[in-house]
Amino acid sequence: MDAEDWIPTSWRMKKAAQTVEYPDQDHLSNVLNKIKSLPPLVTPSEIERLRHQLSLVQRNEAFLLHAGDCAESFEACTQQNISAKVGLILSFSLILIWGARLPVVRIGRIAGQYAKPRSSVTEKVGDREVMIFRGDNVNGFNPDERTPDPERLLSAYFHSTATLNHIRGLLTSGFGSLHHPRDWSLSHVRSKSLKAEYEVISEGLADALDFTKTIGLGSGREAQSYERGGGRSVLGEADLYTSHEGLLLDYEEAMTRKYPIPDSIVSRELGTPAPEKYYNTSAHFLWVGDRTRQLNGAHVEYFRGIRNPIGIKIGPSMAAEELVTLLDVVNPGRDSGRITLITRYGAEKIDSHLASHIKAVQASGHPVIWVCDPMHGNTLISSTGLKTRHFGTIISELTSCLRIHSECGSRLGGVSLEFTGELNEEGYSVTECLGGSMELSEEQLGLRYQSFCDPRLNFEQSFDVAFLISNHFKNQQPGTGTRRKGSEDVLYSELGGKR
Ligand SMILES: O=C[C@H](O)[C@H](O)COP(=O)(O)O
Ligand SMILES: C=C(OP(=O)(O)O)C(=O)O
Ligand SMILES: [Mn+2]
């Protein structure tokens, strides 16, 4: 339930962290008025469908994959990039579905993931001190374009629209069909063994689909392709939801609209109006960052009022009691599927924090989905000065996370990753994170480092992670024989020396 005493502008009475100072306030108001008049990007029905699917994740009936760029850029909004990103999300989820035998709810960090919270306000470029890059919807990556420009908010709206339109097009035109899993990414995977492992899944899937057809199951409308009149779900044949960090509250407010709750959610007597709720129509799912989740701050105030399912990033600075108070504020009605806690402590720190967070939430009775973000607590600067993350450290946090959940009688409901299917002009993957089965070294980082903010896993490294998680869940299934190793090191040991 959203709060009765809440309106989309309530946050303006509170202090916002990570604020952007625009030199021309009238210009900002004009742009925001324009955005308010533009159509929504997503609909209440889609948002409610995601809430429902997340309630399944919360009840252990599905797994959540939240993944995509750290920061999307306007320049990377091309057919090739978007297709590669969607392809990677689909194939990653297929690997999980195959191993875990659980439906996967897919939420992309896509179609609006432009704003970045930063650790510093300024940076040194040569001998100049300039404002730090805050994301394409605030200022330019080029050091000469660092003054915040409100027009970028409008540009972000249109780039989000173009991205989403292409995703919707892809997914209603067979690209998202389980009948074509080879179309999603295989050509870009250069590792023979990863390719072979993926082939096993896609062939197994083709067989399974064939078999169900042969025995007369699934011959109804749901088994038909979209072109032959088959059904479609959110955005097309496969559900794929959009998300971004709800950082720029001016923009989020402008995209917040009041709508009746769709009829299928509330039953009402004929002639009585449906209750209305505030939906953020810029994305299906929004999250509040680790740097902006202050209990009494503007972001929490904004987030408590929207009907969308929300994520909350949690790092080592979160106190267990504060977490429970925060949950009371953003989910007083204790709705299932509303809150996803995305933990990101770092491989070294997870042992000191996660268990106490889980226990406090368990004691409070709040329904939450626990998701592991093994990226944001594990960033380091390489010897060549590039921001990077080590594949082994990422897996180490993920492994500890699985172990701690199991020790606490809890369950990891999903993962949140920064990855990309983006390729350079010759078709090679980016080189931003170290290690993985391709054993990317420090010297190779500079080859194709394309990220505007944090380092992302590339195609091959993402497949490595997908297979590790998938195998982990496969080994946990009843009837798959004894678990090969203690759950604490199942993932890590699979890496065999490839740290
Ligand atoms: O994506 C997350 C943050 O924006 C990012 O990690 C901050 O990076 P910084 O420490 O370089 O500002
Ligand atoms: C800013 C991010 O994360 P965090 O708030 O956890 O640092 C992010 O997910 O890109
Ligand atoms: Mn990031």
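Each Cβ is built from the backbone N, Cα and C atoms, and glycine gets one as well.
Unlike curated records, TrEMBL annotations are generated automatically.
Note that the structure is a prediction, hence the values are computed from the model and not measured.
Record features, source TrEMBL:
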| type | residues | note |
| --- | --- | --- |
| BINDING | Cys70, His376, Glu418, Asp454 | Mn(2+) binding site |
| BINDING | Arg109, Lys313, Arg344 | phosphoenolpyruvate binding site |
Seminar exercise, completed: Ordered by sequence, the long-range same-chain Cβ contacts of Arg344 (phosphoenolpyruvate binding site) under 8 Å (at least 6 apart) are Asp290, Lys313, Ile314, Gly315, Cys372, Asp373, Pro374, Met375, His376, Gly377, Ser416
Exercise. Between Cys70 (Mn(2+) binding site) and Arg109 (phosphoenolpyruvate binding site), what is the CA-CA distance rounded to a whole number of Å?
Worked result: 8
For this session: Measure from the Cβ of Asp454 (Mn(2+) binding site) and count the other Cβ atoms within 10 Å, all protein chains considered.
Result: 18
Problem set entry | Env. residues of Mn(2+) site, Cβ within 8 Å of mean position of Cys70, His376, Glu418, Asp454 Cβ | Met375, Thr379, Cys453, Pro455, Arg456
For this session: Identify which of the following binding-site residues, namely Cys70, Arg109, Arg344, His376, place a Cβ less than 6 Å away from any atom of ligand 2, and list them by sequence position.
Result: Cys70, Arg344, His376
Exercise. Using a Cβ-Cβ cut-off under 8 angstroms and a sequence gap of six or more, which residues of the chain neighbour Arg109 (phosphoenolpyruvate binding site)?
Worked result: His66, Ala67, Gly68, Asp69, Cys70, Glu72, Ser243, His244, Glu418
For this session: Could you check the binding-site residues Cys70, Lys313, His376, Glu418 and say which one's CB has the most other CB atoms within 10 Å?
Result: Glu418
Problem set entry | Largest inter-residue Cα distance among Arg109, Lys313, Arg344 [record-listed phosphoenolpyruvate binders, Å] | 16
Exercise. Other residues with Cβ within 8 Å of the Cβ centroid of Arg109, Lys313, Arg344 at the phosphoenolpyruvate site?
Worked result: His66, Glu245, Trp287, Gly289, Asp290, Gly311, Ile342, Asp373, Met375, His376, Ser416
For this session: Output: those binding-site residues from Cys70, Arg109, Lys313, Arg344, Glu418, Asp454 whose CB lies less than 6 Å from an atom of ligand 1, in sequence order; none if no residue fits.
Result: Cys70, Asp454
Seminar exercise, completed: Under a three-state DSSP reduction, the secondary structure at Arg109 (phosphoenolpyruvate binding site) is strand
Problem set entry | Of Cys70, Arg109, Arg344, Asp454, binding-site residues neighbouring ligand 3, Cβ under 6 A | Cys70, Asp454
